[in-house]
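In what follows, a single structure is set out as structure tokens and then discussed.
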Amino acid sequence: DNISSVKFTLMEPKNSKSYRHVYFTCFLALYIMILFLNIWLCVVIALERALHEPMYIFLCNLCINGIYRAMGFYPKFLHDLILDSYVIPPYMSSGFYPIFLSNLLLDSYVISSHVCALQSFVIYSSLITEITILTVMAYDRYVAICRPLDYHSKLTKNTCLKLILLSWIIPNCYTVPAALLSNLRTFCKYHIDKLYCDNWSVVKLSCASNFVNTLYGYFLIVTFVSHLVVIIVSYIKLITACKASLENKKKFWQTCLPHLLSLINFSFALLFDVMYSRYGANDIPESLRNFLALELIIVPPVVNPLIYGLNIKAVRKRAFPSRPMSKVNVYSSKKL
């Protein structure tokens with residue numbers, strides 16, 4: 001088959017015909033919430049000079065990445081729900097309208113191979129970008145708490161810019177080969193048993209051997225584990241330093257706890273996604289399969305800004321001002 005003409009069908013939500021308006025309202029609300037929370041936190045950090053510190057700049061990039069991932073899923077899914085809600089009135093039951101509307105409805109839960117590759121690329125590049133940013137943030141906390149005298153000399157503006165660029169460029173370089181390997185193939189099946197495209201679901205539709213894809217998948221897993229090792233080593237050193245100092249212990253609970261919660265949330269979400277993609281089966285209830293598929297898309301972009309906005313005092317005071325900004329003591333945030 002000509003690769004350019006290949007189209008896949010996606011899984012339809014359970015009872016989508018009956019509850020399409022409920023689905024659309026809930027997912028639109030989630031999409032708006034993700035955009036609002038993440039953009040709001042970025043604006044707060046951008047407007048407050050007291051928050052122009054490396055930790056908050058990295059946090060801003062984490063929020064931007066959450067928006068980037070949401071844009072890879074919600075527009076297409078909401079578009080499908082809208083098309084799925086069209087009903088042909090009786091007076092349009094003949095002539096031009098049935099043909100036009102049936103052609104329109106054929107695009108509901110259908111995705112071309114090119115758009116599928118783009119969606120896979122956006123979602124999975126954002127995942128690798130997130131673990132990279134979390135690793136950079138762990139390094140930032142390590143230097144701030146374990147080597148405070150070297151903090152501003154090590155994490156200069158140029159260094160922060162390089163770390164941010166690398167946290168975006170390297171994941172995208174990793175994801176391009178994965179997207180190409182999964183889509184430049186001959187396909188024997190055309191149904192993706194998931195609400196969105198991912199690399200492994202597309203690979204399973206191919207007639208050819210998936211040896212190279214599996215090998216590259218293991219390479220990405222090793223990359224992910226290496227990031228986790230760096231984070232774990234950083235936290236071991238952080239915990240050791242906190243035992244010797246009450247001030248370091250206070251810094252740890254104020255700034256490291258939100259990072260740790262984000263990491264745990266992301267790790268579990270990614271574990272669910274891997275389990276679903278690699279080992280998902282038809283004997284698993286459809287509602288559970290959909291939860292496993294969507295947990296990675298929904299939870300981290302919503303939870304991350306809430307965790308940081310509510311737990312870090314310097315951010316909370318500006319995101320939820322309870323008194324005039326001129327009276328807020330920003331000394332503690334500058335020390336970070």
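Numbering starts at 1 and runs along the chain as it is shown here.
Glycine too: its Cβ is placed from the backbone N, Cα and C atoms.
The annotation transmembrane segment is assigned in TrEMBL to 21-47 (among others). Residues 13, 56-57, 59-60, 63-64, 66-67, 70, 74, 77-78, 81-82, 85, 298, 301-302, 304-306, 308-309, 315, 318-319 of the same chain lie 6+ residues outside the transmembrane segment (21-47) yet bring a C-beta within less than 8 angstroms of a C-beta in it.
TrEMBL lists 37-308 with the feature domain 'G-protein coupled receptors family 1 profile'.
Residues 31, 34-35, 37-39, 41-42, 45-46, 122-123, 126-127, 129-130, 133-134, 136-137, 140-141, 144, 155, 160, 163-164, 167-168, 255, 262, 297, 300-301, 304-305, 308, 314-315, 333-334, 336 of the same chain lie 6+ residues outside the transmembrane segment (53-71) yet bring a C-beta within less than 8 angstroms of a C-beta in it. As annotated by TrEMBL, transmembrane segment applies to 53-71 (among others).
Annotation comment: TrEMBL describes 121-139 (among others) as transmembrane segment.
Sequence-distant contacts of the transmembrane segment (160-180) (same chain, at least 6 residues past either end, Cβ-Cβ under 8 Å): 54, 57-58, 61, 117, 120-121, 124-129, 132-133, 136, 199, 213, 216-217, 220, 223. Look at TrEMBL and you will find 160-180 (among others) tagged as transmembrane segment.
According to TrEMBL, the feature transmembrane segment maps to 215-236 (among others).
Summarising the annotation, TrEMBL assigns transmembrane segment to 257-279 (among others).
Tertiary proximity for the transmembrane segment (291-310) is limited to same-chain residues at least six positions away from its ends with a CB under 8 Å from its CB atoms, namely 30, 33-34, 37-38, 40-41, 59, 62-63, 66-67, 69-70, 73, 123, 127, 130, 194-196, 258, 261-262, 265-266, 268-270, 272-273, 275-276, 280, 316, 319-320. According to TrEMBL, the feature transmembrane segment maps to 291-310 (among others).
Away from its own ends, the transmembrane segment (215-236) comes close to residues 128, 131-132, 134-135, 138-139, 141-142, 174, 177-178, 181, 199-200, 256, 260, 263, 267, 270 of its chain (Cβ-Cβ under 8 Å, at least six residues beyond either end).
Taken together, the residues of the domain 'G-protein coupled receptors family 1 profile' (37-308) have an average pLDDT of 81.
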